[in-house]
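Structure first, commentary second.
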């Protein structure tokens with residue numbers, strides 16, 4: 001057993017999850033493949049969304065995968081960093097908007 | 001960025017046998033990944049055999065004004081291998097009689113061969129349908145004696161194919177050297193000025209995209225659209241098609257992969273992206289590559305690995321298209337580079 005929870009080499013074994021549950025694994029990968037096809041959004045736009053979400057959910061495998069995916073698509077580092085900030089801003093906002101709850105509670109409890 | 005070739009630096013990867021050893025050791029020797037031979041055997045495509053010859057690719061020398069990080073030729077200013085007039089004359093005899101519809105001159109920077117212009121003039125008389133010169137663009141701005149190359153290419157109806165790793169300065173200069181981007185832009189504008197690459201022009205100007213790092217090229221059409229938008233909006237440049245070419249794990253790119261600890265991941269990516277339908281159209285099945293000293297190879301990559309054709313006829317001086325066609329193509333693990341995803345060749349994707 002690895003002494004680390006995350007091993008970069010595990011990413012390329014992702015497909016093996018199908019071995020323990022073929023139906024669910026295959027369904028997932030079919031779904032996943034379709035999600036990232038060209039649609040109303042371009043595959044390029046979806047790649048940047050995936051990169052931003054990868055940071056918000058703090059998935060190191062996803063960050064590796066979508067940084068590489070972006071490079072393959074010719075996405076620039078400036079575009080990648082802006083996407084990461086978009087994710088980070090939503091995450092910061094999600095914390096901060098609770099400040100309203102704090103303010104409401106404060107006002108309710110105060111004379 | 002290195003300014004000398006691997007050969008000049010006495011790097012072990014200048015040795016073709018050492019490269020072939022690396023490509024057969026480690027993850028391929030212990031069975032972690034299948035060899036290319038095993039893989040194409042599984043899909044019923046071994047041995048790989050040529051189809052009708054379509055492209056005659058001639059390397060007129062390894063000398064180049066640039067020292068690109070990914071160069072599979074290990075080209076540079078310090079390389080002295082240059083095709084002689086005598087070998088050029090042997091090539092011209094073949095060009096006059098070949099059944100190939102495309103003649104593809106490459107290097108190094110082919111324009112640095114002192115007899116390049118004479119060779120182009122003579123070769124163009126053979127009336128071959130598509131006459132390509134692979135120009136690195138910066139050569140056109142490197143010295144006054146090259147300034148008129150766009151006019152020269154136009155005069156001989158040469159199809160210009162040029163490398164451009166990105167439509168932004170940073171990525172281009174990182175792969176190809178400081179200042180390469182600005183010079184390339186100027187060269188492209190000069191080619192456009194004489195009519196090359198314009199929307200309805202017969203003067204063909206195509207660009208080659210190689211990834212600037214340890215990743216595979218994305219979709220060729222999507223990249224072409226991005227390149228066209230970027231180059232037109234920022235610089236008013238037009239071109240016809242973009243060829244997305246995968247970097248093969250040999251020579252300087254292999255050196256980079258090993259030094260940056262990307263070799264194994266890159267080989268995994270190539271093997272995972274293996275596409276049997278790309279194997280059917282891989283360029284060694286319709287191309288012969290000729291080296292500066294007249295030897296014959298299945299492709300430019302095999303030339304750099306010194307894997308001469310497995311045929312009785314191995315040299316341009318004894319060229320016989322029928323005899324050469326009856327051969328098995330020599331393969332190793334670098335071949336995964338041409339069969340990944342949509343495939344890769346000197347003419348871009350193949351599947």
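Using N, Cα and C of the backbone, Cβ positions are placed for all residues, glycine too.
Look at TrEMBL and you will find B:58-196 tagged as domain 'Radical SAM core'. The DSSP breakdown of the domain 'Radical SAM core' (B:58-196) into helical (H, G, I), extended (E, B) and coil residues amounts to 62 helix, 22 strand, 55 coil.
The average pLDDT computed for the domain 'Arsenosugar biosynthesis radical SAM protein ArsS-like C-terminal' (B:216-349) is 96. The domain 'Arsenosugar biosynthesis radical SAM protein ArsS-like C-terminal' feature in TrEMBL is assigned to B:216-349.
DSSP places the residues of the domain 'Arsenosugar biosynthesis radical SAM protein ArsS-like C-terminal' (B:216-349) in helix, strand and coil in these numbers: 62 helix, 18 strand, 54 coil.
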